[in-house]
Amino acid sequence: MLFNRIALFAASCAALVSAGPLNFHAGSSKDQPVSNNWNTKEISQAAGLVQQTYCDRSTTKPGLKIGDSTLLFTAGNGDHRQRFNLYHSESLGIAVAIEGTNLTSITSDLHDVKGLPVLPHPRYRSHYPEGTRVMHGFQEAYVSIMDDMVRAIEKYKKEKNEKRVTIIGHSLGAAMGLLAAMDVELRLDDGICKTYLFGLPRVGNPTFAGFVDEKIGHKFYSIINGQDWVPAVPPRALGYQHPSNYLWIYPGNSTNAKIYPGQENVHGILTVPRAPNFYDHQGVYFHTQIGASFGQCPAKVGNM
């Protein structure tokens, strides 16, 4: 299954390269890493909430308790639409967690390999600067849940008298989560409180990455575990660029972590080979496992 996904992605990249160069002028930060001052308890809590999106519906019922959070709403099936769960959390407020790729779903897999950069969706395009491009497949996946997600956020913010909104995602769900976080920030009252994204691939071009920094840079938390290969795709040679700052857990699945400032920092994850497997991508993030369909169901926080 992993080989099939890599082959599909390679074919997509080859098609893009044959279409001509995109943007090779994005910069790379040379700043040295700094000590981790991010809230690891919140990272652990967020990891548990996103793990539950991979669990069977029989274990995903409103009222389910995961750490300090209570499940209020769920939508999507992981096939034609990625699943998202909405929780009320003591630490995170209204927390929306978005599922990553379902390896048994062709539709889900195809979202990962539709690599052409496209304009932002018409519903939110006017909020972005001219020249913004995002990956087709990631945006397609987000748009399929967008209306249900926005309605649910607005409903439960009102019901719970809660202004804080936190967007969480893993893998494909992290890419969708970045688009969702920007959408909520740009179009909804109060915007987002934070976004926690695990194993985030590149989502857009340098214009997009710079706009993310401008709008939510102080609320953006990207976490990379060990030798995870997913944050290396789609490649920069195709015009894609990460926003600034990530937390790198190294060795993988440990609690040793540093923050790497700026966009595409030349230190950190770029200095080690990528592992051609999912062990670090589906790893342990500050004592909480994101194991996808092989992970704990119901999800547990802080027990690894």
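Each Cβ is built from the backbone N, Cα and C atoms, and glycine gets one as well.
The active site, nucleophile annotation in Swiss-Prot covers Ser171. Applying an 8 A CB threshold to same-chain residues 6+ apart, the list for Ser171 (active site, nucleophile) reads Gly100, Thr101, Phe198, Gly199, Pro201, Val230, His281. Under the three-state DSSP scheme, Ser171 (active site, nucleophile) falls in the coil class.
According to Swiss-Prot, the active site annotation covers Asp228 (among others), on the basis of similarity to another entry. Neighbour density for Asp228 (active site): within 10 A of its CB lie 26 other CB atoms from the protein chains shown.
Among the features that Swiss-Prot reports, active site is placed at His281 (among others), with the record citing similarity to another entry.
In the three-state DSSP reading, Cys55 (disulfide bond) counts as coil. Cβ neighbours of Cys55 (disulfide bond) (same chain, under 8 Å, six or more residues apart in sequence): Gly295, Cys297, Pro298, Ala299. Annotated disulfide bond per Swiss-Prot: Cys55-Cys297, in sequence order, evidence recorded as similarity to another entry.
The N-linked glycosylation site annotation in Swiss-Prot covers Asn102 (among others).
What Swiss-Prot records for Asn253 (among others) is N-linked glycosylation site, and it gives sequence analysis as the kind of evidence. DSSP classifies Asn253 (N-linked glycosylation site) as coil under the three-state reduction.
As annotated by Swiss-Prot, signal peptide applies to 1-19.
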**Prompt:** If you count Cβ atoms within 10 Å of the Cβ of Asn253 (N-linked glycosylation site), leaving out that atom itself, what do you get?
**Reply:** 17
**Fill in**
One finds that other Cβ atoms within 10 Å of the Cβ of Cys297 (disulfide bond) number exactly 16
